[in-house]
Amino acid sequence: MTHASCFAPPPSPTPPPAGAPCLRIGLTGGIGSGKSTVAALWRREGVRVIDLDACSRAVLDVPGDGVEEAIARFGEELRTPGGTVDRVRMARIVFADPGARADLEQIVLPRVHEAVADQERAALKAGEPLVVHDSPLLLETGQEQRYGAVVGVLARREDRIDRVVRDRGRTREYVESILAAQVTDLERIRRCDLLILNTTGREVLAQRALRMLERARALASQRAAAEVPRPPASSSVGRWP
């Protein structure tokens, strides 16, 4: 976990009311898996993809009452020249002090919950058939039952390490420390409903992501008076597009 995500993502808002046209899909994947690429592709296809990490960051990165409450709790020295919170210094504080972390979550999570709920209400008002939560720690925080279906993105461990080292300038040791804190591939296979395998390059990943989006849209179209029941987790294996 980096200083950009110094707290767990919030629980998702209450599911849409019965009969609403919007189906909630969870999209998750470990560091370097290609999850963000899939999310970007789906967004370009017109799907409302809510980035929970971005919602969390915005609380401290955009001047406002969230920043002011954090500064009041943790000290004026954390204020940047731009009027936001120094996330690196904040991360050092909350990683070393569970009480401080809990205080930060009390500041951040309600605001993220509100931001996500606002987007879901907008999706419902617009009659959008589905909404996707891009949530890297969805499984780690045990949130899968909050979704109509959970889609996981998988890639080989070495490919993931190489990708993050190359594209983000991180050290191998850093990536391995993140991997150690995330669920294993076997656990991801067991708990996700649908899987996208990312092993043969961006072009094939894009094709698989678009096929998976077709399946998600089909699932959304089947939703009638209530949310479609989640497929059993045991059916995940072999359902790669």
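The backbone N, Cα and C atoms fix where each Cβ goes, glycine too.
Checking the ranges 158-178, 221-241 against TrEMBL, the region 'Disordered' annotation falls on 221-241. Report note: the ATP site is defined by GLY32, SER33, GLY34, LYS35, SER36, THR37, and the residues of the same chain whose CB lies within 8 Å of the CB centroid of those residues, excluding them, are GLY29, VAL38, VAL153, ALA155, ASN198.
For THR37 (ATP binding site), the count of additional Cβ atoms within 10 Å of its Cβ stands at 17 [all protein chains shown]. Cβ contacts within 10 Å of GLY34 (ATP binding site), excluding its own Cβ and spanning all protein chains shown: 25.
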